[in-house]
Every structure is written in structure tokens, then in C-alpha cells.
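Taken verbatim from TrEMBL:
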ACT_SITE  141  active site
BINDING   140, 144, 150  Zn(2+) binding site
COMPBIAS  441-455  compositional bias 'Polar residues'
DOMAIN    48-244  domain 'Peptidase M12A'
DOMAIN    287-408  domain 'CUB'
REGION    437-461  region 'Disordered'
């Protein structure tokens, strides 16, 4: 079984010493958040990336140095190096392993998975403890260290998700405080359910029922993704670190379908999922093909994954399809079949992503449960990218498609919540477990050889 960050930190009881389950705050950050809660709601704006009174000092303006504490496991070292490579490949931010740097991230084997938010000055700890040695978790925690809060704490989150207070674990509802102008900035980018910084619907549940549900219920299994960075996260981090300034000249690539020039090569584009080529106007290379829709149903059958796999891979195996109709047409897609055994929050083992929405940059609808069978989607464009993926054994799915009619999205009140996340049958190996009595003292003990520039504090809100 693979646990989420929230479950890992709850098991070690370290979550009670952290903000929103996995963030270490300096005293100044905690005081800012408490002050924000007291502000009049009308003064709040839409925010996600950390910008307080110290910005831009909270940025890693000269690149990010990191090192490993002597107690860091080999698994943690491996996944953290892969995580920073993912951020580096999609931004202008440079990372370097440097034991002697003054300002740096120190990865250590603490009682859970957690990090500071932004650069705080001096050595700052990032814990990848037992069960945290997964690339998606490391990417999430590195996202905090670069300056990201959780997506579900955005000011505008109530326009996209609904909280269900009675389902929260005791003491957790107050942790879902929304951010404001003083601590966050979302650069006018919309909410993305597929964000790697978003918690899953069962993340801090006290009764096994969802603590949050999306306004668009077809996004239910998309919440809690730890598979890859969403396109909007790539764009937001590039804006946060002013990477796009590197491609301000007229010679930069004229990207299609919502892409933007790559700050490391302005002649090429960083593309939304499902789009590829130098200008984002092609189907991504590799497995998959272009399919032509007609007024009659046709079937797309797919099988993706590693033969004989016993453990989840760090890498995704992926196929990209385009279902294409005549200009001006809309495409109807029905999920006819999905294999059992891989269902999870965020579809983190395997899944199928269907991009029928009007915003090509936004993560599509992800499905990974047989209970999703029969789901019908209708596009707003004449091209529908279909992405199948797996990091485990081969997974089979089947979809029907045709030129179709518009459908009405169901309201939350009209949907009976199904137990979509009950199957977790993929085995993993871990280096060991921490005692369940671990608390805030454990953090201090684990970090005592990693000096901190300011005392961590949890806001009393």
C-alpha cells in the first residue's frame, strides 16, 4: 500500500506540529497567516505562490543549493534528485548539490514528509522520512521549498471545491484556512484540480468519507495527484521566478494551445498535457495515434504499463491519443471499461486523462476505477487529447467516441459519492517505520544538526 503525505504524517503524529499537515512555518510566516485570517474578506485576492513582506527575499534568486543529512536514506536521495530535475527541466531554476552553501535545503530522514515554504535563509530542513521516498512526494515538498502553498488554500477555492466539515479529522478543519494577498499570489492563473500541490478528497478524513469534493464531480479522482507537475504549476513557477523574461524578444516561439516559450530554449515551448512538438501543435511523440471521429461510435482500446512489474516505477509509461472531428464539431467520449486493482486518489498508480474542457491548459478529467464506467464527456473543441498512463503493471481501458452533443455537468447535490479509492493493491518497499508516538519533539530532534534560521510555529487559527 502507498500512503499519502497526509496519512504518513498522521501515522507519525508529526502533522500536529505542522501547518496544513506538511509545512514548517517561520514565526513571521505564522503571524502573517493569523493576521490574514483577521482581515476583512473583501480585501482578499486570488493567491497561491508565497509572497509576503520579505518577497523577493523568499526566492532562491541565485539558484537552489541542497545537500543531504547523513541520515538521509538512499531512496530519499534518489527521489529528491529526480524531483529537482523535474522542476529544473520545466523552469529556469537551477539546482546544485553543495554541502558548503550557506543558504540551502537539507534533506533529512525525519518523522514524515514536510518542508519550509520558500527560502528562509541559512540551512532549512526538508524531511523525506519513511514512506516518503516517492518522486511525487519529493516534487510536492520541493514545491513548498520553492514557494508554493497548497492549491486548496487558494482564496478562490470555494468556487471550485466544497468542504464537508463533518468528515474532517478532529482539529483539521481550521487548517484549511484560505490564503490572502499578504501570503500568496496566483498570477491570475485559474485553479487546477490536477495540481501536485492539491490534497486528495480523503486526505484528512476522520470517517473515510471525502472532506472536499470538486464542483465539477467528474474531477473527483483527479484531486490528490502525485504523478507529475500540472501545466499551470509549471507556468506559475516560471512567473514566480520571472523565467518568462528570458523569452521576451520577438524571436521567441509562437506557442499554440496555451503553451509558453521554454526559458532554457526560447525557440521551443512548454506544452499542456496532451500536446507536443516545438510549438504545442502536434500530438506528443511515442505511443498513441490520431483517431478520426464520425457520427457512429468507435472504440479506443488501450493497454499501458510495464510487463511483470511488482513495484511502482518512478517513471510513468504513457500513451497520447488525439480524437479528432471536423472543424466546429464536438466529441462525445464514454469510458466503457477500466481495469480493477489500481484505483487511488489522484490516480497515482495508473489512469486515463480525458481533456474535453474549454481550457486546454488545465488538467483533464482523470479516471482509474471501474466505478467510473459509463462516464460520458462532451468536448468544447474538435480535438480531444486522451492520455493513458501507468507506473505499474499493464492496465487496460476502453473508450467509445463519436461526434456528439453537449451534456450537462451534474451538480454535487445530484451525485451519490462512490467509494472510488478503496483499492490499493500495489506493493512497495520502505526502509522502516517511525514510532506512532512521534510528535513535535521528533522534528526538533531530527533537525538538531540542521540549524534553522527561525523558530517554527503553527498559527492558532
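Backbone N, Cα and C atoms are what each Cβ position is placed from, and that goes for glycine too.
Computed from a predicted structure; not experimentally measured.
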Sorted by sequence, non-140, 144, 150 residues with Cβ within 8 Å of centre, Zn(2+): 5, 22, 23, 115, 141, 143, 148, 149, 196, 197
Local Cβ density at residue 144 (Zn(2+) binding site) - other Cβ atoms counted within 10 Å: 23
Arithmetic mean of per-residue pLDDT over the domain 'CUB' (287-408): 94
Secondary structure composition of the domain 'CUB' (287-408) [DSSP: H/G/I, E/B, coil]: 6 helix, 54 strand, 62 coil
C-alpha spacing of the residue listed as 'active site' relative to residue 150 (Zn(2+) binding site), in angstrom: 10
Reduced DSSP assignment, residue 150 (Zn(2+) binding site): coil
